[in-house]
Amino acid sequence: MSTLKNTFFITPPDTPTQAGPENIFYDFNDGARVLLPEGKWHVRLLDADSENILFCCDVDKGWVTSSKKYFVRFRIQVFRQGEETPLLDETLKLKDRPVLISFPTGTLGDLLGWFPYAERFQSLHKCRLECTMSQDIIDLLAPQYPQIQFSTPDKPRTVAPYATYRVGLYFGGDTNNQPVDFRKVGFHRSAGYILGVDPREAPVRLDLSAPRVIQEPYVCIATQSTCQAKYWNNGTGWSEVIAHLKSLGYRVMCIDRDAHYGQGFVWNHIPWGAEDFTGKLPLQERVNLLRHASFFIGLPSGLSWLAWATRIPVVLISGFSLPNSEFYTPWRVFNSHGCYGCWDDTSLNFDHHDFLWCPRHKNTDRQFECTRLITGAQVNGVINKLHRSLTEQGVEATLKKGVSNE
């Protein structure tokens, strides 16, 4: 296996891994790839499902590769020029084949959103699947998915994969690495389209067996994110929410990794009144705490995805992304009375290097109004509905008596 080309994806092997006749090599590790020796060849790349010819050419020697890198049931045909019967005729067949899905090593939310599609892919094709990702997420997921091999990108175990797929966020209108722009379908569902499986969302499986430790009703919150546009930028919002939660009888625990986060002159701090449960802890410890929370309140960030996977209600506050950009929750908080949805606007490209990115209103009094216009009263209204629902189910009354809801 070749080394990392960048910090995101594993590059394909230098030579295709499958040997055909006449010293022809091919594989599906960067779309369909064929490496031809000296000769007079005619090559066709087809979509085996539609039987459309995607590309054909005459070539004397060298490479023929598809422009499409996502899952297509490719058919590769290699003819000697002038002959009607192909010397090589190979249709993609993944059953029992070594297959690699390369994920970026990046953020928690991306991986938790994407990974269920990898499991769906393995179940569909019955391939020998390896997935590469960061070690902390491997530690969280691997015990729940014994049929899949996990590794970090610098130490892949599959040395000669038959096929490789790279799941990530592709900007700039890229439709070679994804069949549809992720901003049109929601970033997590894009993985389903890249892998050619059912794009309906599903939470990852987690170990939810930890016993309840805190007997009082409590709510977990996460207020930090990776850029200012993702924050809840209402100045008094969190303090209003925390005060309201306490009036309802909840302890409020902030579980961000960082109590303080920002760049340059803009920094965000743990909200006053929340109990400080911040810190760089193993993800399983976060799961153990979330599992027994009455509910979670957060942003379009990784901890919201983690909370969703623990099967507790999630109040998700966002204006930076559209309501269908993340998993469905009936407790989503969104305000349509100002600017919103820049993340999902295909005419814009997110600038990962600009912490204060606000493409339509930066340096104006409308900057970050997508969440600034979401008031504490609006969020508290959603909390009231959720609290009433839990009370009607008898959940909160049981907890107030100090009895576990297990």
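Including glycine, each Cβ sits where the backbone N, Cα and C put it.
Taken from Swiss-Prot, the feature active site, proton acceptor applies to ASP110. The ADP-D-glycero-beta-D-manno-heptose binding site feature in Swiss-Prot is assigned to THR107, LEU108, GLY109, GLN224, THR226, LYS230, ARG257, LEU281, GLY302, GLU326; the stated evidence is experimental evidence. Per Swiss-Prot, the feature Fe(3+) binding site maps to CYS339, CYS342, CYS358, CYS370.
Everything Swiss-Prot records as a feature, shown here on the structure.
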residue	record	Cβ contacts under 8 Å, 6 or more apart
THR107	ADP-D-glycero-beta-D-manno-heptose binding site	THR226, SER301, GLY302
GLY109	ADP-D-glycero-beta-D-manno-heptose binding site	PRO300, SER301, GLY302, LEU303, SER304, TRP305
ASP110	active site, proton acceptor	PHE103, PRO104, LEU169, PHE187, HIS188, GLY302
ARG257	ADP-D-glycero-beta-D-manno-heptose binding site	GLN224, THR278, GLY279, LYS280, LEU281
CYS339	Fe(3+) binding site	GLY319, ARG360, HIS361, ARG366, GLU369, CYS370
CYS342	Fe(3+) binding site	ALA229, PHE320, LEU348, CYS358, PRO359, ARG360, CYS370
*By a simple count of other Cβ atoms within 10 Å, which of CYS358, CYS370, the binding-site residues in the record, is least packed?*
CYS358
_Among the ADP-D-glycero-beta-D-manno-heptose-binding set THR107, LEU108, GLY109, GLN224, THR226, LYS230, ARG257, LEU281, GLY302, GLU326, as the record gives it, the longest Cα-Cα distance in Å_ = 24
*Taking the Cβ of GLY302 (ADP-D-glycero-beta-D-manno-heptose binding site) as centre, how many other Cβ atoms lie within 10 Å?*
24
_ASP110 (active site, proton acceptor) - helix vs strand vs coil (DSSP)_ = helix
*Just counting, how many other CB atoms are there within 10 A of the CB of THR226 (ADP-D-glycero-beta-D-manno-heptose binding site)?*
16
